[in-house]
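**Student:** Residues annotated as domain 'NADH:quinone oxidoreductase/Mrp antiporter transmembrane' in TrEMBL: 23-288. Residues or ranges marked as transmembrane segment by TrEMBL: 57-80, 92-113, 152-171, 178-196, 202-219, 239-257, 277-294. What TrEMBL lists as domain 'NADH dehydrogenase subunit 2 C-terminal' is 290-344.
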């Protein structure tokens, strides 16, 4: 892609998200989401592969549907209450519709069906943008309207997302689909705690972004998109194979890695709110996700010589990818647990 065009598209992505962050009026927020969607579509379709074009079309249709619902719900709210302000959503019909539309935007279950299919058709860097940056603007709106949304709806979305995110990834062999289901499960953890402590949602979103960035950049470095090609990574870069296994365990939420922190704090808060059943279901759903992360770790680190593999061992070619973002995201994805108290003081 032409570097000037790429610069315009990336700056439009930034502009769309910033516009939604800064807005207090529904029309401006909607405009930011639309700029965001339109800016990522050329990035998705840039390889002209039929799968990429199909993924782009699916993404465009779901995002356009969600944007139309947001516009309809905000107009309905303005018609009933005379208010366009994001923080003044008072009508239950409008708030439920807005939440449904935003859930469709970020791929929360049961509006998640587009997500694995779209992510599977994209290259790893565009998939990284879709899994991380594209979640920010809808989340900013969700956090603002959360106090007016029915708590049962939020709890249902959260529980369903963690369960489906865990179940869906169990029989996958494509790494991008596994990361898509992982994303759905993490979104569920963020939504479940939103009505009690929104600060924990932000902590969970931040750690998710760093862990997912580390996972995508590692796969890009190793040029792998399937589990069976993952088995040859150790011969190309043993240290990368080790850090990847740890990053995947961090995504699964094992101590003493960063990914344990949001899950621990969320379960603790759910217990404080006297919701032991919800906390138990969430913890058990996390085990489902952990199983498929362990499958990836097993493929990477326990299928090495003298075990035989059907995949051809890759050439040790020099990579042109910058390793600094990978090193930074991996370090953050592995080592933030000891500074949990400091992170908590920042959010209170």
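In case you wondered, yes, glycine gets a Cβ from its N, Cα and C as well.
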**Student:** Is the transmembrane segment (92-113) packed against any residues at least 6 beyond its ends, judged by a Cβ distance under 8 Å, and which are they?
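**Tutor:** Residues 33, 62-63, 65-67, 69-70, 72-74, 76-77, 80, 134-135, 138-139, 141-142, 145, 148-150, 153-154, 157, 160-161, 163-165, 180, 183-184, 187-188, 191 contact the transmembrane segment (92-113) from elsewhere in the chain.
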**Student:** Looking only at residues six or more beyond either end of the transmembrane segment (178-196), which have a C-beta under 8 A from one in the stretch?
**Tutor:** 106-109, 112, 115-116, 118-120, 127, 131, 135, 139, 142-143, 146-147, 149, 151, 154-155, 157-166, 168-169, 172, 204-205, 208, 212, 215-216, 251, 262-263, 266, 269-270, 273, 278, 282, 285-286, 288-289, 292-293, 296
**Student:** Which bits of the chain, at least 6 residues beyond where the transmembrane segment (152-171) starts or stops, bring a Cβ under 8 A of a Cβ in it?
**Tutor:** 96, 99, 103, 108-110, 112, 116, 146, 177-178, 181-195, 278, 281-282, 285-289, 291-292
**Student:** In the domain 'NADH dehydrogenase subunit 2 C-terminal' (290-344), how many residues does DSSP call helix, how many strand, and how many coil?
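**Tutor:** Going through the domain 'NADH dehydrogenase subunit 2 C-terminal' (290-344) residue by residue, I get 32 helix, 0 strand, 23 coil.
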**Student:** Take every residue in the domain 'NADH dehydrogenase subunit 2 C-terminal' (290-344), average their pLDDT values, and give the whole-number result.
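**Tutor:** A mean pLDDT of 85 is what the predicted model shows over the domain 'NADH dehydrogenase subunit 2 C-terminal' (290-344).
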